[in-house]
Amino acid sequence: MAIADEDAFPRGGKRAKQVHGESIISISSHHEVELASTASNPKHVSGKSKKSKGSGQTEKQDSTKAEDNEIDTDLLKFQDESTGKSSKKWKTMLREKVRKKPVTPKKSSPAKVDSVGSGQVQLSYKTITPGMLILGCIKEVHDFELIVSLPGGIAGVVDIGNISDAYTHLLQNLTKGCSAEVEDLRSMYHLFRVGQLLRCKIIEVVEMEQGKKKVILTISPQVVNEYVGISGLRNRMTLSASVVSVEDHGYVMDIGVKGIQAFLNSNDASKFIEEYNSGESLAVGQHVTCALCINDSNKSTAPLRSVNLTADPAAVCKAMLNKSGNANVKLHAIVPGMVTETTVQKVMETGVIVKFLTYTGFVHHTQLKGVYESPSKYREEQKVKACVLHVHPTSKEIGLTFSLPATNPLQTMSPATMFPGLAVGDKFSEACVVRVDKGRGVYLQLNEKTYGFASLSNLTDKAGITGIPDGFSMGSSHKCRIIDFDPMDKVVVVALKKSVFEQQFLRYHDIAVGSVVKCIVRGFHQAGMSVKLSDRIFGFVPNLHSADVALTNPARKYKKGNKLTCRVLMCDTEKSRLLLSNKQSIVTTKLPVLCNYEDAQPEMLVEGVIVQISTNYVLVLFCNDVKGLIPRKELSDVDIRYPEKVFSLGQVVKCRVLSADAQQKQMTLSMKNMTDAHQQIALPKDFEIGKLVNVKVESKSDTGLNVKLLPSGLPAFLPLNHLSDHLENCQPLHTMYWPGDTVHDCVYIDSSGAIIVSRKKSYTQAKQSGLLVSSFSDIKPDMLVVGCLKKVMDYGVFVELPGSVTGLVPTRLMADKHVTSPALVYRLGQSLIAKVTEVNQEKKRFLLNLKLKEVHDDSTAPSINLLEDYLHEHDALVASGEKKGDGVLKQLAKVSVGDVVETVVHEKTSHGVLCALDSDVRGFATNAHIPGEQSYNVGDQVAALVLHIDLTSKCLELSLDQELVKHVNNFRDTKHSKIKPDQLLRSEVLLIHDNFTLVALKGHGLGRLAYLPVKRHLNDMGKVSPHLVGQVNNVVVKRLTGGRVLASLQLSEKMDGRVQTIREQASARARGDDFWTPTVAVGKTYNAEIASLHDLHAYVKIGFSEGRIHASEVVDELEDGGAPLRGLETGSLVKVRVIGSHEVKTHVHRHLAITRPYKTKTYVDCSLKPSKVDADSDVQLDYLSKFKPGQKVQAFVESYNNQCLWMQVSPKMTGKVHLLNVSDDPAVLEDPTQHMLLGTGYNATVVGMDKGKVSLSLTGTTKLVEGTVVNGMILKILPAAFIVQLPFYCVGKVAPPDASDIYSDTVMESYHVGQFVRCCVLHYDETKKNQVAVSLRDSRVFSDSYDDIDREVTFAELRVGQLVKGYVTTCSKAGLFVSLAHNITGRVKYSNLSEYIVKGSSHSLPICKVVTAKVIAEVESRAGRQVELSLLPRDTGLPDIIQEDERGLRRSKTSSSKTVKKKRRKTSESGLGAVDAEAAMGEANPELVVKKKKKMEKEVELSDRIKVGGIESGDVCQPKGKKRKLINEGDSKGDSSKNKATVKNQQKKVKVTTSAETATSSTVITKVSPQELENAPRLQVHGGFSWDTTITTLPTPGLTTILKVPSSRGSGNSAVTPKGSAPEFHDDSSSSGSDDEKELPKEKTKKLTQVERVAAARRREEDVYNTERRLLDNDWEPEAGDDYEKMVLASPNSSIVWLRYMAFYLQAAETERARSIAERALQTISFREEQERLNVWTALLNLENMYGTPASLNATFSRALQANDALKVYLQLINIYCHSDKNEQAEILYNTVVKKFGQTKDVWIKFGTFYMKNGQTALAQKVLDRSLKSLDKRQHVDVIAKFAQLEFQHGELERGKTMFESMLGTYPRRTDLWSVYIDMMIKAGQHDSVRQLFDRVIHMKLSARKMKFFFKKYLEFEERHGMADGVSRVRELALDYVESQDVEDD
């Protein structure tokens, strides 16, 4: 890495960030240039910056040069963001930095000064000396240093190692890897700020080139305050202190005084932190100016060991050195920055001499108060506050200043605050000279308040001036330009040079990215060259941009001083870094210069530089770090297979913008149709696809070999995967070849972009046999072709043929067996032979078949050829190791397979023996190659047989079988031992390799080794070897080549191929080899050979016996949809256990039974299950066990017919699965054959036995129980119900209220006959299987709570006066019947139907119309529970249900008393009230009502019916057994007429219905508000239950409050308390039964007059009326616990009452009482009321969440899981967390739920909804991916559809559209997807897109019913959102469709 000279770049700046591994230039503020390059990552290509992970090392320079302390600032970050660890390069450079100790100030001779002293001369580079203490101001903050402005225009550098000892210690720990303290380490930017005053000490003044000097400073308190000492410390003295550590109550500080510990309290630092540190706490190493707090009395009595500091700005500003307190301060204790009061002693022309304390100092005229102030303004003995500016180390002369630091030492002296409105580069046309300093320069007045200073070098462009030139006299005006600021001298540095004034760029802010600039070459470096734009602006041109062709050494082309024209690529104004390009094609381009992503527009043409090349893309860099990606398919009109061979780094390319995303900083480009996209390659004259050619290696790359064709010399490329047909040999061959080597027998395979050659032998053979194609026109159906694997997808693989022709192999055609994961079977670059099955000439596509049975003729020639080719390549690799390898490889090359070598046992392991040869070659013998009777110890010498040479591990595989070694040594090649092809020999397996099997021959070949092939063909994907070590086989010698014997396994059924000699059988038994066992026994284990594979069985051979393995006996744990038998290989050996046997008839259907009787053959049944095979003892296993209901079994699909899925459960048992028990997915039930494939297995549940067959269920449901969710199929649709076929031969009925959660008049239209639905069983009776009540509600089926739905109604919750919803089912003479639930029917009498008489007495409402009615009475009947309803507007509060055109006369509100009485008597027995009787009379003859209207009006009724809370009131009923009276027992018949007249004037009467069970009180029935009916009837408590509200705010759906009101007999005062106070209740425990009233003492009453009786009656009625009104008031709530106790006694199973009781105590802050109420509720509520109990559990969880601890919440949660459905409890707690904003806990719980219930799609959907609602779309996408891996494939569509809807609602609209389009592309006939997609687009307001969707769907071939649905939907859309022409267009389309259907029918 090269270091530039000091002026190459200004200090500061981060280096260019690295993106996506491209090579870009990195420039540091310390003039270091580095070429950064990382590995590419095409998956995350964006404009976002990433940190480089490279490491580097700084070159050491001479100590006299400025580069000595320069460090690469690219490593400024303490930790790497990607790894969280410190950068290795950063540590290296930092270690070198902190290793340097502060340099001891050099002793220098005193400078020559005048008689007054050096302090009277302004500081300059000539007068400063090492060791001087000086006050400075931070000018720039960089990563490893501070630039400090000093008085006199001097600039110094504070290195990072000279900050403080504590900070240096942290840096050292970091470099040592002590990451524990990294958290306390802060960067320089955090510790310091521009303009901050620092007390410095000069360490060294370094001489630079051209006479320049570099001042090195330190600010460490240990150095600056070195000579202060304990004796020099005074109260209120200010010192610079640095933070050593951060403590709980403050900071330990370092003031540099030995023996003193300083502490800064947090309170004393708070104001400083707030005003000067942005509110952030102090950090280790931070410098703070503090005042000492010393108690002088304590100091005198005891030695000073510690001091307290204060950083309070007020205290620091007031701290001064004065005679009163600091008169005896020693000179060595005075440091810069101390403020003191001075007295003027003498006024001079250059300044003022002052006296302070007992010392004398000098104030230069530049340090007076004013910027340009004359010393003459001061007088002797004048008192002035001053600040110590510098102290000379030898003369101890002190310089002071009257300016800003004297008044506020903490003031920030940044240019922005001192010179507001001015910036570098500003010009002044008339600057007046106000002072001339002959030795330094001139002072100019720029404006009223600003003065500038121009040094001698900045006055004129002339060089070598030593004095002030002519023309710069006092008062003269000049043009000048600001070039810098001097905060310490309070002046602006200006230049009067004409060149500077006219210079284009004076600062980096003036340079625009993309602009063209001129520069001069300054120097050359390893990564590029540095250039100069001006004296203060420098840039860098990397090698990649040094010329149109990238130069590695620009110094050969350019020289220092050359002028260049470059374009600005990047300009970092903060870090003063400039990156340029000298490529003339970039400089002179006429295309737009792309500087940001916002400027990129589609189809825009741009030019950029290639910075990265990958196999799949090319990355192009533009200005300002803008990058664009060109995908491989967009590189050219033709496919460029290897872009790195066509393009080069640094190449300028012209491309077109396809898309740009400014937010994501991504851009996609294209080079298609660009004439200069790539050069046309030159082809040899004899070029032909498939022609043989020799090539010479030029160079190597990671992807292959760069070669030259012989003899033409044209360049070509040999890809890595084309070095061999055996992929495992490709990398070793790539390593074997070196530049200059010749590769023979290559073939041309492509010329697109570059000439591509291949060394695959399969291509050579294919060319010879005519199987090699060169273009698409050569491809014909049924032909065989050779290619290599290009791409692997889930649906298939792509095979690339020569000539860049690519074909697809679908999954079904990949192999003879089913391939579940192609990526696990195939590898990229693999050689394959395929058969063309289909050719599409129009689209130029074709399909291929890789099945062995299609491409292989079962001959052994292909396998022998593969084996021979592999061994030949292996020999070549071994031979190359001898020539080019290291010592070990050379020694391995001297050994051959079959050699006997002498070894020494080096180590024994559990796997074998490690040996060493004399040549230091290692060898290893496994336990299989060490006979059991032989034992070896470490150090033993033993002869070994070489079995294989492993070049990867560089070792030998050996056999220590001495008998085998003996046979090999005794072998002699004679005519008797000669082996010939086609000979049949016995062999024993020695070694099994991936590509071969090594065997030892027997018989006359004893002592020789032979190779057997493992793969039968190139397409053979079997990874399991068909052999076992030690196995004895018959082999046939096929070929003798290179001294090797190549043979194949003899698999014929001939007897001589299986016969063994007695000796061999004995040897086999000794080895435990039972493969040749003649007989088998049940319960024993054997080695078996797989003979053939079938869908449900695998036939095996065990010696001479034959057997089979049923699919259910393969694995212990089965995955649904898996096929265990497909994992077996024909010919492979497996270990099995015999579990039984069965006989099979032979010669079936071949001969007549009478001529040739049947014969039977016995097969043994075997098991492969590990649990059975690995059993401890040989026991007989019963596989014919009985099946019990509920038992889990493995079942395998056999066939499907008669709506039953037939499955095999065991070898001798068949199971039957009813269609409705096949799956929970209705889509599977629609077509089971497409999902339940033959031979696939599933985990089933036994339902029972049915006619010798096992009845199974794949859904887990074994019987119908109330609450069970099962499948159903709609059999029939009645006018007001569905008939549904249910599992287990049951039939269900769906009432309209149970058809949907939302009541709709069109609910019946949503279903059709034959539709499969999910049902919830509501009622089931074993004796009535055809009368099952089921529900289709989602809230029932999915067991979840939903908002905004119509709640179900239960009879227990119905109360008189309640408003309910229902469906009209029938209309008859008895009235209108409304279905409220499956077991509740309501009747609406015609008198309660409407206030008008309906025209036509037989008129009725439509069936299944939704109505809202009011309950007016309850009736128990034989047919079920019924209620009397009313639809009158005055009851429902809704408009009259009868339309105006159907209304007749209005009904009368009165009726005859006689008629009423008569009807009362007739209806009293049936339980109907008088009102119902009257209504019934009117309904019986409606015309009679009209005719007798006037007569009825004249009749007077005993009492007017009034409404109390919507309930009609009649007479007061007395308790049972008492005589009924109208008003009072004291009333007489004689007074009846008077009573009638009096009572008639009463305005309100109350009818109090008395319960038959109550004798002492009346029952007042109140109703809840209609709004609360929305939640009726079953309480669904959500996680957001509010506990901090009053009881009246709680929902009370379906709740009827029953209160006991004492009887009012004998008293005129009401027993009910006034409104607003709690009612009085009587404790039931004090009563003795229903006859308690008889035991009460009778009060003596005197006879009242008629007037008194009427008045008393009036008062009683008013009191009762007021009581009922108060009870009906929603604001009323019980005020005592006794009130709630009576409520829970009345409704013990109602969770809402218990919850209100809990809320009552929570409102009183009695949490424990609320918990006890919840526990009582759980003990009281019946176990059958699961929902009610779950409500209480949910409330208890909510209580613990708000008022409990995490431990109590977890304990309650665990109990709830055991007592309820676990999934429901999990979801409830998640809702609680979400409503309480505990999203982290909810997320954790969701992850647990998806792990436990991953097969339930609803939990995944809820999880995704959670993330989407919280704006975490990326996490929601991950949830979707996880769900697709866990759920059954049949549920994927539903889940994806739901997530797509979530994208519309909470995410990105375009992503949602993409997801729907993808699903519709796969399932175009899924009309439900079309409907949902269209609805979501309508909601999104995409009307044009909606019309396009409608046009697409209506032109599909769908059923007439579905087409009608979409046309109707289309028409409704146009009517609502479109225009009239759109409506007409839809009508025309519908008409055209109908006409077309008619034509087709004709």
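Glycine too: its Cβ is placed from the backbone N, Cα and C atoms.
Per TrEMBL, region 'Disordered' is recorded for 1-115 (among others).
For 59-83 (among others), the entry in TrEMBL reads compositional bias 'Basic and acidic residues'.
TrEMBL lists 86-104 with the feature compositional bias 'Basic residues'.
What TrEMBL records for 131-220 (among others) is domain 'S1 motif'.
Sequence annotations record features per position, and here TrEMBL assigns domain 'S1 motif' to 337-403 (among others).
DSSP assignment over the domain 'S1 motif' (425-497) gives 3 helix, 36 strand, 34 coil. Marked as domain 'S1 motif' by TrEMBL: 425-497 (among others).
Among the features that TrEMBL reports, domain 'S1 motif' is placed at 514-583 (among others).
As annotated by TrEMBL, domain 'S1 motif' applies to 603-672 (among others). Model confidence over the domain 'S1 motif' (603-672) stands at 88, taken as the mean pLDDT rounded to a whole number.
For the domain 'S1 motif' (690-760), the DSSP counts in helix, strand and coil order read 13 helix, 34 strand, 24 coil. Under the heading domain 'S1 motif', TrEMBL lists 690-760 (among others).
The domain 'S1 motif' annotation in TrEMBL covers 782-851 (among others).
The domain 'S1 motif' annotation in TrEMBL covers 898-961 (among others).
Residues or ranges marked as domain 'S1 motif' in TrEMBL: 1083-1157 (among others).
Secondary structure of the domain 'S1 motif' (1190-1259) per DSSP, as helix, strand and coil residue counts: 12 helix, 38 strand, 20 coil. The feature domain 'S1 motif' is assigned by TrEMBL to 1190-1259 (among others).
TrEMBL lists 1267-1337 (among others) with the feature domain 'S1 motif'.
The domain 'S1 motif' annotation in TrEMBL covers 1361-1432 (among others). When DSSP labels each residue, the domain 'S1 motif' (1361-1432) comes out as 3 helix, 44 strand, 25 coil, counted as helix, strand and coil in that order.
Marked as region 'Disordered' by TrEMBL: 1444-1478 (among others).
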Selection from 131-220, 425-497, 514-583, 1083-1157, 1190-1259, the stretch that has most Cβ pairs under 8 A to the domain 'S1 motif' (782-851): 1083-1157
Dominant neighbour of the domain 'S1 motif' (1083-1157) in 337-403, 425-497, 603-672, 1190-1259, by Cβ pairs under 8 Å: 1190-1259
Top partner of the domain 'S1 motif' (337-403) among 131-220, 425-497, 898-961, 1361-1432 - counted as Cβ pairs under 8 Å: 131-220
Counts of helix, strand and coil residues, the domain 'S1 motif' (898-961), according to DSSP: 3 helix, 35 strand, 26 coil
For the domain 'S1 motif' (131-220), the number of residues DSSP places in helix, strand and coil: 27 helix, 38 strand, 25 coil
